[in-house]
Amino acid sequence: MLTKGITLILLLVLVHSSHGDSTPNRKFYIPSIRANWFKANEFCNSLKMRLVAIRSQEDNDAVARYVRTTSKFTDNCSFWIGASDLADEGTFVWVATGEEVTYTNWRENEPNNEGGNEDCIQLAYIPALNYHWSWNDNTCAGQSLYFICESVECDCVQPF
């Protein structure tokens, strides 16, 4: 009996770990315009989407795979994602949910808040500068970049 119980527990652990983190269905979209981070956030919201939240290496890889399928992919591409430390310097949060960023994929020596005003995160693939789908903090209003929107299933409480 004990052996069957242990086998069942191991089976449950294997099934759970093979699915990784339980994440809702997500759809990514990169508009054909470039914008600063604020306008990118507004644009995604106008589509009933949000700037993408990357909560794990699997998420980072999924976003990279998606970008590679689009016309925006080059050997020198950067995209706004949905986190900033605008509210509290050094504490990055996913702006759509207010959740603190716990997974990161910073490029070496980032975030550096260069010039004292780098508060928004970009995802970059620039091999010549050692960016391999890594993150950089940048000025929110200073650069117009492509950006990645996502739609997610609502995990909110349904009314009675």
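Glycine residues also receive a Cβ, built from the backbone N, Cα and C atoms like all the rest.
Source: prediction; values computed, not measured.
These come from Swiss-Prot:
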SIGNAL    1-20  signal peptide
DOMAIN    23-140  domain 'C-type lectin'
DISULFID  Cys44-Cys140  disulfide bond
CARBOHYD  Asn76  N-linked glycosylation site
DISULFID  Cys120-Cys140  disulfide bond
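Of the listed disulfide-bonded residues, namely Cys44, Cys120, Cys140, the sparsest CB environment within 10 A is found at Cys140. Applying DSSP to the domain 'C-type lectin' (23-140) sorts its residues as follows: 28 helix, 35 strand, 55 coil.
The CA atom of Cys120 (disulfide bond) is located 16 Å away from the CA atom of Cys44 (disulfide bond). Here the C-alpha separation of Cys140 (disulfide bond) and Asn76 (N-linked glycosylation site) works out to 19 Å. Spatially close to the residue listed as 'N-linked glycosylation site' yet at least six residues away along the chain are Tyr125, Ile126, Ala128, judged by Cβ distances under 8 angstroms.
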